Amino acid sequence: MDSTTLSQTPGSRVSQYIALTKPRVTQLAVFCAVIGMFLSTPGMVPWTPLIGGTVGIWLLAGAAFAINCLVEQKIDAKMRRTSWRPSARGEITTAQILLFSAVLGGLGMWTLYTFANPLTMWLTLATFVGYAVIYTLLLKPATPQNIVIGGASGAMPPALGWAAVTGHVPGDAWILVLIIFVWTPPHFWALALYRRKDYENAGLPMLPNTHGEKYTRLHILLYTVILFAVTMMPFISGMSGVVYLAAAVLLGALFLAYAWKIYREYSDDLARKTFRYSIVYLSLLFAALLIDHYARVLIGA
């Protein structure tokens, strides 16, 4: 520990701990969980599970990301994209990260058990284990299919939100999980393409490094086609109506256009734009689910 670390202000220390929770990723996950809460009921979500579920899921997600930062601190230090993280820079010790994660995780479990229900607590804990242990420790350093297999834990937020309100997870909730599960590979492979040297330097077996750029571009296109089909399921199942359908078709068509361009004429700039659009895509798609849900409630559909 050097003099710079010792002289840090409380504000900078707080920001370092917040950075461990990967706030932007956490926000998207919690957003999808909250959408799951609202889709689970035709009326307003009761305040207790809404607030308790949101806070509990947020805390456990932050705990999982903190463990991820701890495990990957040496890897992160080798990558331009992640070398700024306080864990990679050695600004927070291993013991501090473990304690921080344990506190967040413990508070999250207590919050979910107390203000939501035991099922949500156990499902969220399983998601924590899936991401922090199975994906981070076992899959990511071992196989280029890490994103495909490990994406199951990252796809769980809508089911967690649904369970927080109703105490069970019906088929409609699993459709939402499936959407995120299929969305995950093209989202991350676009990132892996334009950051492939980063991943190569870190020794991670991401698809562009193990199977080549062309193979990855093809699979981004294939998964985006599958995603387009999967996003029709809420309408086909009757969970959503024409408002959602129109949004899904428009958003999906644009995603397909990006994937097709990547397949035909690749550039790092295009991959970067595709990655960024994929985040906007998922956010707007789930927002469309919510708008459609309450539009149908208002008209009595």
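Cβ atoms are placed via backbone N, Cα and C, with glycine included.
Swiss-Prot lists 25-45 (among others) with the feature transmembrane segment.
Residues annotated as transmembrane segment in Swiss-Prot, with sequence analysis given as evidence: 47-67 (among others). Away from its own ends, the transmembrane segment (47-67) comes close to residues 20-22, 25-26, 29-30, 33-34, 37, 97, 100-102, 104-105, 107-109, 111-112, 114-117, 120-121, 124-125, 127-128, 131-133, 136, 157, 160-161, 164-165 of its chain (Cβ-Cβ under 8 Å, at least six residues beyond either end).
What Swiss-Prot records for 97-117 (among others) is transmembrane segment, and it gives sequence analysis as the kind of evidence.
As annotated by Swiss-Prot, transmembrane segment applies to 119-139 (among others), with the evidence given as sequence analysis.
The transmembrane segment feature in Swiss-Prot is assigned to 147-167 (among others); the stated evidence is sequence analysis.
Among the features that Swiss-Prot reports, transmembrane segment is placed at 173-193 (among others).
The transmembrane segment annotation in Swiss-Prot covers 235-255 (among others).
If you look at the transmembrane segment (279-299), the same-chain residues 6 or more away from its ends with a CB under 8 A from one of its CBs are 28, 31-32, 35, 38-39, 42-43, 158, 176, 179-180, 183, 187, 231, 234, 240-244, 247-248, 251-252, 254-255. Look at Swiss-Prot and you will find 279-299 (among others) tagged as transmembrane segment, backed by sequence analysis.
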Are there residues at least six beyond either end of the transmembrane segment (25-45) with Cβ under 8 Å to its Cβ atoms? List them, or say none. 53-54, 57-58, 61-62, 65, 154, 157-162, 164-166, 172-173, 176, 180, 239, 279, 282-283, 286-287, 289-290, 293-294, 297
When counting Cβ pairs under 8 Å to the transmembrane segment (235-255), the leader among 97-117, 147-167, 173-193: 173-193
Under an 8 Å Cβ to Cβ limit, what residues of the same chain, 6 or more beyond the ends of the transmembrane segment (97-117), are close to it? 17, 20-21, 48-49, 51-53, 55-60, 62-64, 66-67, 69-70, 87, 124-125, 128, 163-165, 167
Positions on the same chain near the transmembrane segment (173-193), where near means CB under 8 A and six or more residues out: 32, 35-36, 39-40, 147-148, 151-152, 154-159, 162-163, 199, 206-209, 213, 216-217, 219-220, 223-224, 226-227, 230-231, 233-234, 237, 239, 255, 259, 262, 266, 268, 271-272, 274-275, 278-279, 281-282, 285-286, 289
